[in-house]
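Novice: What follows is a single structure, and I will ask about it in a moment.
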Amino acid sequence: MPGAGRAAGVRRLRPQPSEEPPTQENLLLAAAYVSDAQYNRNVPFETSPRAIRLYYFYNHWTMQVAIYFFICVDLSLALFEEPALFPLPFLATSLAEVLCLTAFFGRLVHFAKVTPQMVFWKDTKNICIMVTIVLTLIDLIIYGSLEAVNVHSVRWSRVLRPVFLINFPESRQIRRTFRSIRNTLPDILYVFLLFMFSVLIFSLMALKLFGDRGLKTVEGLPYFTNILDIVFELYVLVTTANSPDVMMPAYNFNWWYCLYFITYTIINTYIFMSVFLAVVYNNYRKHLKNEIRKLAYLKRHKMIEAFNILKVKVGTEFVVMEAQWRRLAKVVAPHISGPHLELLLRISDEGQKGHVDKVNFLRLADLLNIQVVTINIRRHPLEDWMPRVYRSSASLLVQRMVQHRIFVWVYDVIILINAIFIALDERNPFISYAEWLFLSLYIIEILLKLYTYEPRAYFDRRQFWNWFDTLIIIAALVATVANTTIQSARKYNSQQILDIVLILRILRLLRIIVSIQRFRVIVTTLINIGPTILTFGGLVLVDVLSLLLLAGGFALVTHQAAKLYFIGFHIVVVILIVNIFIAFILEAFFVAYSLEKSEVETAIEKKIQELGVGIQEEEMQDRKLVDNVDAKDSGFSGDDGDNKRKDLKGLYFRIASKKYRTVDALLQQMFESEIAPEEEGPSLDEILNFSPGDLYPKNPNFENSA
């Protein structure tokens, strides 16, 4: 099959006799480089055969799931240790922590086996993990010994537990966010000092305006007589947590004093908080550009390393032979289907010469990252069971009606009318009877679609909205029947079932989202930023856990210093992390609304259309298509379009929905578009030492691309 379908008359150049095919060890090494480029990993590893195999095992998904599991267990121990809501015996929590430390140490030893020793010992992340393990064990021994003799002490090492979440290589997204915070601090410091100066000025004004008036708070305490209390109350007012209570004593005394609080709110809540966001966003973009530039050039560097391992000389140029390219792709993506692999080979070996040149080889990681769905045309079961009836003119008319866009519009209008009826009085008999009409129309819609579209394709795992529609309608039907039955029995009126019915009716209105393109773009963007939302959630968890080991001490005393805890929490979580999170969301929406298809996607779609095996995205919504075609249907043997379609036996391809993309991948794609295909880029040391002021390539337009 590898030779099938090549253009006639193309003369093949053979590798020179001096060039030998790469060994299995070299193939695994090249595959490791390509895999790192595909997943943006930046882990230096030894190139010996044993180290490469250990590196593959290190990156296996089971190992990554295991380490995240132990990190979650280690962090969750704070919920079960004194003081806790559900305290467990010290022996149970200590054994769990020792088990987690053992897993962390094993993961660290595994990493030491695959990376060069000089690199391992120079990496501060590894040192932090080892020191944290040792300190935690020392703390466990001391605490356990003191508890054995009934001496109460404090587990001071608990504050170090987030170190494991931050410093393992799998947590590079969280480390990047921490770097963003660290890089933003110098610039935001000046704004924060100016902000605190403004709060202090307003605090002095409040002391002079209200301090001698003899005003009292609701609790009967003196109002604005202590400068430290005033500063704290006005700082809290920025968060609006004590608004309007903090201003009511002054307002009740004289309503003109509300102008003071209005001015304060405008300046410090709206202007300064917006300035914080602007500064954070500006620095976030600057340093994000630097991170993405590193990733882009590191990926290019790894792909060049892989090419140099597998290359042979054909004529005057170095290439990778087709057989080696195919073996490499199968090692990097072992679950790739035969048809998908042949499609990628057709793209990489455009002239069907039997080898892949350097420029096309460097695109392999991107090709593997583009999700191509392999589909197979299936006949409707009714077409097999009663072909004459299913192919009759009346049946075909029904199918065309269901497939027409007007059918969707009609049901969109029905949904909107249903929304109006839901808002009306439920006790009106006419409204109650109308609900049965709407349920009947929705059931008819599903039955018509199942009649028109192949059922297995309609309920494919990717057809979320089809599943959503069906489950909501079935649930609403069951709940409505149950509620009617209970009411007809006249024993009692179940308000809970009625509430469920009403909620299910309202949820049906969400179907309108899939009908409007802009709504789908927003939903897709939210799906794109989902993984990073989890990243920021983990970052907030780290800060919250760290501060809660501090909060227990503050809770034991009533002192002015306790207020510093809450101010610190607001500065770290709200001013820094939340603003960086907002900056990321802004960047995500800019990218989602403006970015066009990549060169790689265009090449794949072009080749799919040239082969005559393309299915458009809109044709996939409810067509008779399913995934996971058998490997026997993987040949490309015809020379013209008709023969291709005949030989493919119903096999087709399409680019999957863009929801699988991450924002990092999109931004990296934008920067890579500025790198010439033949450019090898700077050296590895230069890449690792990039700073935001460096300019690679010479004239990037990354700033304007979003």
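Even glycines carry a Cβ here, placed using N, Cα and C.
Pulled from TrEMBL, these are the listed features:
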REGION    1-22  region 'Disordered'
TRANSMEM  61-80  transmembrane segment
DOMAIN    63-286  domain 'Ion transport'
TRANSMEM  86-106  transmembrane segment
TRANSMEM  127-146  transmembrane segment
TRANSMEM  188-211  transmembrane segment
TRANSMEM  223-241  transmembrane segment
TRANSMEM  261-284  transmembrane segment
DOMAIN    404-544  domain 'Ion transport'
TRANSMEM  406-424  transmembrane segment
TRANSMEM  430-452  transmembrane segment
TRANSMEM  464-484  transmembrane segment
TRANSMEM  526-552  transmembrane segment
TRANSMEM  564-590  transmembrane segment
REGION    676-706  region 'Disordered'
Novice: With contact taken as 3 or more Cβ pairs under 8 angstroms (pairs 6 or more apart in sequence), are the transmembrane segment (464-484) and the transmembrane segment (430-452) in contact?
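Specialist: These two segments touch.
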Novice: Six or more residues out from either end of the transmembrane segment (430-452), which same-chain residues have a Cβ under 8 Å from its Cβ atoms?
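Specialist: Contacts with the transmembrane segment (430-452): 382, 398-399, 402-403, 411, 414, 418, 421, 424, 458, 466, 469-470, 473, 476-477, 480, 505, 508, 622.
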Novice: Within the domain 'Ion transport' (63-286), what mean pLDDT does the predicted structure show?
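Specialist: Result for the domain 'Ion transport' (63-286): average pLDDT 87.
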